[in-house]
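For reference, the structure discussed in these notes is given below.
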């Protein structure tokens, strides 16, 4: 970290012309044309690369330096906007400092009243409060009115009139913004050996609340006295910017060699099938389409503006559904729970009222739903009707309420992979009855699943011999080493042999989640034609259309493509038709009829 004093007037003289050009050519073209009081984030890393080194250093030298630079940039931006005929205000946030300025949490006490940047994981978060950010003042002498915008949590409430110099009186609060308190823990294992540095308190003002996850925080270390006469201070980080880190940036380490190998194997046309066999070995599930669908769900657990892919597996008792779900739960960002043994508060746990510097308010701590970044695997889904019903809002609204009054909610943006046995004698499917009537789940929940797959345990000599052989090999192998052909395979890519095992699969999934393929006009036409044809002869709804779109994007993402093509759509259609023919086929009418999902009153 920089710990130097800079003459701000010299910094202004050195950079004024250069900064005006940057604002005019780079900043203003990217502003929203309608928003007033827009928050504009300026990357200090970018400014440093453009030659504003001393300007960046001066923001780090002291809290005064930070606010002087920020206010100066706001002033220059306002001037340039007025020259172009726009009369609006923007709130500048200086963030994204270069990596060399990043510190560990144990170093925070050494940077009081300075800007810091650090990574951490949220272990506790308050429900959002509101903080007044714009006050209205009136001068008792001359009667003039002034609006004052407070951009930080600590300020001097003495406001003076610009005309008569008299002290102005507070009249009203004009505007509010969300306020949250976060307790953040160091990502490194060594953090457990330290006290106050281990769990710093972060005060954050922003539109979007945070409850769980790995975050990168840029903020100012402030000292708050425990009482008016106390010489003991609490250290608070006043957050300037909070950036949520994706799974790929926090839970797994991808080397350059890993990325090269991932891109190489992605060129194979059968890469999805290969990875699906590693994710769920055919010994656990012999349905190749089901294995492929579950793999695709891991790669695209949540798609912005489209939604998530939810899957229900209904397995006979001979299928080890728990082993399948636990295996998938080991992928970074995923979680596994058995809903039959779960308590309601474990889904999302609120604290009792907790006292702190600000007073008493509820905080969220614990809960498997908010901290799941990918797919939540739920076993025995039809064994706890109360919790299953409570989860319906997580399926539909992407939130989960944590109290009876539904006042407090936590995010639930993960996808769901649920599994259960059929509610029949001996947990075996009755061939004389429809699948939908044997699941034992109400239509309220069933309609939230994009795909429902029955998995039967049918005796097969070759498969049973393979299962027995694998079990014997595991017993013989005392060192618990991986078995080639079962636990890993070697694939040929341009004459090079690359090992694909579960560790490689996890890295592939994490990397592919960063890909955002686009949908072309040809793809839209193909999906529309399929939907029109299905509506002519069968009964499906827009939900199935949306599922095909999500699956098509997920297939393209699994192949690391920039655009979705017709082959991806074909694979998506094959997957959804596999589900529709097995679960919602009406033999009396001879058609696919999804209305069967809504008739189930179990």
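From the backbone N, Cα and C atoms, a Cβ is placed for every residue, glycine too.
Per Swiss-Prot, the feature ATP binding site maps to 315, 316, 317, 318, 319, 320, 321, 322. On its own chain, residue 318 (ATP binding site) has 457 as residues at least 6 apart in sequence with a Cβ closer than 8 Å to its own Cβ.
According to Swiss-Prot, the domain 'MCM' annotation covers 271-472. Over the domain 'MCM' (271-472), the average per-residue pLDDT in this prediction is 82.
It is 319 that, of the binding-site residues 317, 319, has its Cβ surrounded by the most other Cβ atoms within 10 Å. Those residues of the chain, other than 315, 316, 317, 318, 319, 320, 321, 322, with a C-beta within 8 angstroms of the mean position of the ATP site C-beta atoms are 421, 455, 457. For residue 320 (ATP binding site), the count of additional Cβ atoms within 10 Å of its Cβ stands at 15 [all protein chains shown].
Using a 10 Å radius centred on the Cβ of residue 322 (ATP binding site) and all shown protein chains, the other Cβ atoms total 15. When secondary structure is read from DSSP and collapsed to three states, residue 315 (ATP binding site) falls in the strand class. All protein chains shown were included, and the count of other CB atoms within 10 Å of the CB of residue 321 (ATP binding site) stands at 23.
In this view, residue 315 (ATP binding site) is surrounded by 24 other Cβ atoms within 10 Å of its Cβ, with every protein chain counted.
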